[in-house]
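Enquirer: What follows is a single structure, and I will ask about it in a moment.
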Ligand SMILES: Cc1ncc(COP(=O)(O)O)c(C=O)c1O
């Protein structure tokens, strides 16, 4: 079948009449010949379109209820200098989760004021680097961090802009959300009172920030999960955060200006899956925020969000070369064809880590062969080294074929490892019929250079 492949591929993925696939106007066979495999291929136009889509959808929806929005691209999903620049050019700010991500955003020319720094265990060096760069917000994650940020700000004679990350008890992911009072996880400060009653850790942190002249309390932050497909979770979290905001105002007279509702917007990983639609979620969340503020009689805060996966996930694919192909007879008599590729869990840990599902297709040619039940596996010494658990591939799949896995733009390269001392693949951007290496392939010499013997 020729034409645009559609969900879950990026907009620029097209099967040509000769059977090969192109992305961003570049034939995958040329990409493989020029850059080798495995390679992460990033469709720049698709990334930009999704970044714009989120910015426009949220700006429009919140303007309608009377407030503004900042969209922070969550760099943890994938951050390279070029990617940070694209995000900025499309009107997004950049959310970082470490000193390394901060350094890349700064190298890209993102102004400090448009960068946020997250982390449940930031080092002093990371906090200091953020303050020296004049970041727009440090999202504090614990009571001790309030003191540490204040001390480092005092040493510099600056006032640090901070948000307090709270845990709302709302967890979301996939199609559902759940709500619990107490949270058993490492992030944020709970809005529920501790075992001895009294102020919640979240309220204690807010009060501590308000009390410190070296800190400016910008707002309250909440992130409820990932791959969320149901807006109800965001609305429930907004309710908790806005109640806390009103409670703080009652206590102290300080009505914080901003509320960050985090990231987690879900995408399609498989054909037929329906991704979260940004216009719809933006409208739903905006009207919920407006209604909740009206209930509290408080003016609307400025809102920020932090999408990562939804911006970069669908824009990426991973290009592999097929090696060993091995049919295995299952207990129920079915045959599963194990298709080994030249990468695996070191370039995409998500199937092994979370059981994440992906979709793959042969992309160097088309085939009329009867499809077979296949499992795409990597080349690592680990039986859990699965790239795609289950997919139908043409029965004549063979060594040398090019195979692409869709929607690997988020948390592929950024979670990659050197397991088995494999070298990490390059990140190659495609746009307007040309390709460009954003991050070069690691070499064995790179690995040997780190090993001091
Ligand atoms: C605080 C925070 N913001 C944003 C994100 C981005 O999430 P996603 O890529 O699912 O949009 C994450 C992901 O873990 C996060 O922890």
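Even glycines carry a Cβ here, placed using N, Cα and C.
Sharing the feature lines straight out of TrEMBL:
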- 264, 306, 307, 308, 309, 411: pyridoxal 5'-phosphate binding site (BINDING)
- 309, 350, 354, 382, 411: substrate binding site (BINDING)
- 63-312: domain 'Orn/DAP/Arg decarboxylase 2 N-terminal' (DOMAIN)
- 76: N6-(pyridoxal phosphate)lysine (MOD_RES)
Enquirer: Ranked by the number of other Cβ atoms within 10 Å of their own Cβ, which of the binding-site residues 264, 307, 308 ranks first?
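Expert: Answer by Cβ density within 10 Å: 307.
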Enquirer: Round to a whole number and give the Cα-to-Cα distance in Å for the pair residue 306 (pyridoxal 5'-phosphate binding site) and residue 76 (N6-(pyridoxal phosphate)lysine).
Expert: 10
Enquirer: Of all the recorded positions given, 76, 309, 350, which residue's CB has the most CB neighbours within 10 A?
Expert: 309
Enquirer: Which binding-site residues from the list 264, 307, 308, 350, 354, 411 come close to ligand 1, meaning a Cβ under 6 Å from one of its atoms?
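Expert: Passing the 6 Å Cβ check against ligand 1: 264, 307, 308.
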Enquirer: Hey, does DSSP put residue 309 (pyridoxal 5'-phosphate binding site) in a helix, a strand, or just coil?
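Expert: It is helical.
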Enquirer: Whole-number Å distance between the CA of residue 350 (substrate binding site) and the CA of residue 411 (pyridoxal 5'-phosphate binding site)?
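Expert: Computed Cα spacing between residue 350 (substrate binding site) and residue 411 (pyridoxal 5'-phosphate binding site) is 8 Å.
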Enquirer: Looking only at C-alpha atoms, tell me how far residue 309 (pyridoxal 5'-phosphate binding site) is from the residue listed as 'N6-(pyridoxal phosphate)lysine', rounded to the nearest Å.
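Expert: Approximately 9 Å lies between the Cα of residue 309 (pyridoxal 5'-phosphate binding site) and that of the residue listed as 'N6-(pyridoxal phosphate)lysine'.
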Enquirer: List only the single closest residue to residue 354 (substrate binding site), chosen from the recorded positions 76, 264, 307, 411 by CA-CA distance.
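Expert: Spatially nearest to residue 354 (substrate binding site) by Cα position is 411.
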Enquirer: Give the mean pLDDT for the domain 'Orn/DAP/Arg decarboxylase 2 N-terminal' (63-312) on the 0 to 100 scale.
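Expert: Mean per-residue confidence for the domain 'Orn/DAP/Arg decarboxylase 2 N-terminal' (63-312): 95 out of 100.
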Enquirer: Looking at the binding-site residues 354, 411, which sits with the largest number of other Cβ atoms within 10 Å of its Cβ?
Expert: 411
